[in-house]
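Over in TrEMBL, the protein carries these features:
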TRANSMEM  27-50  transmembrane segment
DOMAIN    43-294  domain 'G-protein coupled receptors family 1 profile'
TRANSMEM  62-88  transmembrane segment
TRANSMEM  94-122  transmembrane segment
TRANSMEM  134-159  transmembrane segment
TRANSMEM  198-223  transmembrane segment
TRANSMEM  244-267  transmembrane segment
TRANSMEM  273-296  transmembrane segment
Amino acid sequence: MPFPNSSDLSPSSFILASIPGMEAAHFWVAIPLCSVYIMAVAGNCAVLFIVKMEPSLHVPMYFFLCMLAAIDLALSTSTVPRVLAFYWFNTREISFSACLVQMFFIHTLSAIESTILLAMAVDRYVAICHPLRHAAILTNAATVKIGLAAMARGVLFFLPLPLLLLPLPFCSSRVLSHSFCLHQDVMNLACANTTPSVVYGLIAILLVMGLDALLICLSYLLILKAVLRLASWKERLKVFSTCVAHVCVVLAFYVPLIGLSVVHRFGKDLAPLVHITMGNIYILVPTMVNPIIYGVRTKQIQRRILNLIHIYNN
């Protein structure tokens with residue numbers, strides 16, 4: 001089936017980007033994407049199930065991990081099935097309204113995840129620097145309130161992004177740079193002044209992801225300062241090892257985010273394959289590796305997984 005070109009589009013739709021030169025191999029390209037998606041769904045569902053079933057994990061750190069797993073499930077499910085439909089069934093055209101909805105979910109869920117990562121960093125700071133006050137500060141009620149605040153923050157900051165694009169006219173060329181819709185990508189196709197969208201998008205990113213990253217770094221500077229006060233290296237390594245999983249998850253989230261932002265801002269002359277690859281990494285890698293990281297670093301999760309495998313084999 002031939003792909004549509006820009007002139008074939010309805011007045012309110014876009015063309016999703018394909019991998020240049022590999023249009024005939026889309027069926028095979030989608031198989032690893034589908035495999036990663038299945039791993040992400042299975043891993044995050046396993047985290048939710050294990051935390052629910054393991055009483056020793058009913059503490060704020062793992063409640064935050066459940067929130068992270070739920071966000072990753074929603075983020076991957078709001079994008080990957082549409083990408084797979086494009087690769088397997090050549091449904092390359094996406095309506096303007098569906099594109100805005102997908103954009104809203106991607107950016108809002110990313111903002112919520114950033115806030116939860118900050119909450120997890122604060123949890124580690126309180127647990128290490130003020131252990132006697134940890135249970136009093138981070139109660140279950142406080143954890144729920146933080147989750148609700150993270151959700152409200154993400155919606156309030158990123159709901160204006162699609163609303164700012166809604167009244168804009170778009171050029172005849174409506175080919176996106178990714179296989180899904182992102183604000184910067186859609187905005188670049190507008191045939192009008194996009195200064196309000198540019199300014200607001202930058203402000204939202206700085207006040208949410210930028211501020212969260214700064215506060216996470218500050219939390220770990222304070223944690224490092226407290227760890228270095230301990231008498232022996234053995235004690236220092238033991239205490240800091242409780243933060244390793246969270247540090248890896250933070251890097252898995254922010255490194256692709258920064259890379260994608262840099263590609264959008266300064267990589268207009270880069271090959272289309274770079275844009276597509278960075279977009280897929282941003283969507284798929286964190287959602288897949290987060291449960292793996294915590295599965296490797298948490299003995300209770302490892303034990304419960306081994307028990308499930310043992311029961312299945314019997």
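Every residue, even glycine, has its Cβ placed from backbone N, Cα and C.
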With the transmembrane segment (273-296) as the reference, find which of 27-50, 62-88, 94-122, 198-223, 244-267 contributes the most Cβ pairs under 8 Å.
244-267
Spell out yes or no: are there three or more C-beta pairs under 8 angstroms between the transmembrane segment (94-122) and the transmembrane segment (27-50), with each pair 6 or more apart in sequence?
no
Which range wins on Cβ pairs under 8 Å with the transmembrane segment (198-223): 27-50, 62-88, 134-159?
134-159
Across the domain 'G-protein coupled receptors family 1 profile' (43-294), average pLDDT on the 0 to 100 scale:
90
